[in-house]
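Copied from Swiss-Prot, the annotated features are:
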BINDING   111, 168, 288, 321, 368  substrate binding site
ACT_SITE  166  active site, proton acceptor
MOD_RES   191  N6-carboxylysine
ACT_SITE  287  active site, proton acceptor
SITE      329  site 'Transition state stabilizer'
């Protein structure tokens, strides 16, 4: 059934929809299956996403028609489809009237993903009007709060030097805590890897006790504050809260040095909101493990990593992993920097829409995946600043002289970039950085030809 007479209004102007302030706008790349028209399929998509189905129903009234989602722009050659969703469509909490991201996803990326006339459809961006944006929690903490704990300026405090304890599974509690202590002697921040939790060989309570002690010892040794991101991911709300409360109690006076990591993609918006609301004084670390199943450029359905990141700020993530923008081992390229800008800036331009965040706190980009001291300068050149949390697993513990030296090499690399000094030149007077060249010779040969002669390495 062709529903374009009801669910398509190509006379509507995007600027007018934004000025009106009552529509969420979504931009998709959509291709109909063979034999279906573009506008016809787009209208069916909008109907299925809002007030319609595949037939007209007798219960529809004038009010219902007033909240139809409407296709307002199409470009069949580029496969671009834009839909305007009235804000009234989205579910709100009965306890406080707040917005819920699961409702946004249910409508904009729900049943429409399985429609028989759609070859593929992927959301590439969305715009949130002020009246709807104000209903989301947004972050309560971000990198500025970490800088404060670390004793740095709360504006432009610079890179937080971090790691992921490797191997990601298989370490008993004491070796895990020992690795934390080793890194903290040179670095700032350690995160649980996403599967680390309460395995039988590493009970959470025993591990956390030893990590809290390692933090105290490292702080005493260095005279510097240290940070730990503890995984509280669970299926059950009460389990997440129990883990969080135990961790804070165990760290005691260092409770404000603790972030909570949640695997936000695999557990969904409910887990992120649980952590955000139950622990508003902790940095909420959104890990996105599994997201590539829908966000990868190879996937033609779902939504992009840009969309995932933008949603995370609405939900209240203090920080989210944003990949390495083509400078590490993960999928991505240099243009991904717009993802970071959308997370951190008061207003930012995305692929399709300009978003004003109306004072909502920024979400911090967390950089991880194959990074080391040699790759950081190129990454910072592309991004334009170093105000990120950077977590290197192999880039720290793959250093020939161990985790402490690896941490120091990462910091030295950032210092060199901020000073505008060539990395090879800086390495001549900084041993840990110089040894990073020997630790990662393939990267060194590719990125810094002639380094062996300059550093006197055979």
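Cβ coordinates come from backbone N, Cα and C, glycine included.
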Quiz item: In terms of DSSP three-state secondary structure, what is the assignment for residue 111 (substrate binding site)?
Solution: helix
Quiz item: What is the interatomic distance between the Cα atoms of residue 368 (substrate binding site) and residue 287 (active site, proton acceptor), given in whole Å?
Solution: 11
Quiz item: How big is the gap, in Å, between the Cα of residue 287 (active site, proton acceptor) and that of residue 111 (substrate binding site), rounded to a whole number?
Solution: 26
Quiz item: Taking the Cβ of residue 321 (substrate binding site) as reference, which residues of that chain separated by at least 6 in sequence fall under 8 Å from it?
Solution: 286, 287, 288, 366, 367, 368, 369
Quiz prompt | Long-range Cβ environment of residue 191 (N6-carboxylysine), under 8 Å and at least 6 residues apart | solution = 162, 163, 164, 228, 229, 259, 261, 285, 391
Quiz item: Across all chains shown, how many C-beta atoms besides its own are within 10 angstroms of the C-beta of residue 368 (substrate binding site)?
Solution: 24
Practice problem: State which of the following recorded positions has the fewest other Cβ atoms within 10 Å around its Cβ: 168, 287, 288. | Solution: 168
Practice problem: Determine the Cβ neighbour count for residue 166 (active site, proton acceptor): the number of other Cβ atoms within 10 Å of its Cβ. | Solution: 17
Quiz item: Three-state secondary structure of residue 368 (substrate binding site) from DSSP?
Solution: strand
Quiz item: residue 111 (substrate binding site) to residue 166 (active site, proton acceptor): how many Å between their Cα atoms?
Solution: 40
Quiz item: Looking only at 111, 168, 288, 321, 368, the residues listed as binding substrate, what is the longest Cα to Cα distance in Å?
Solution: 36
Exercise. For residue 111 (substrate binding site), list the number of other Cβ atoms lying within 10 Å of its Cβ atom.
Key: 12
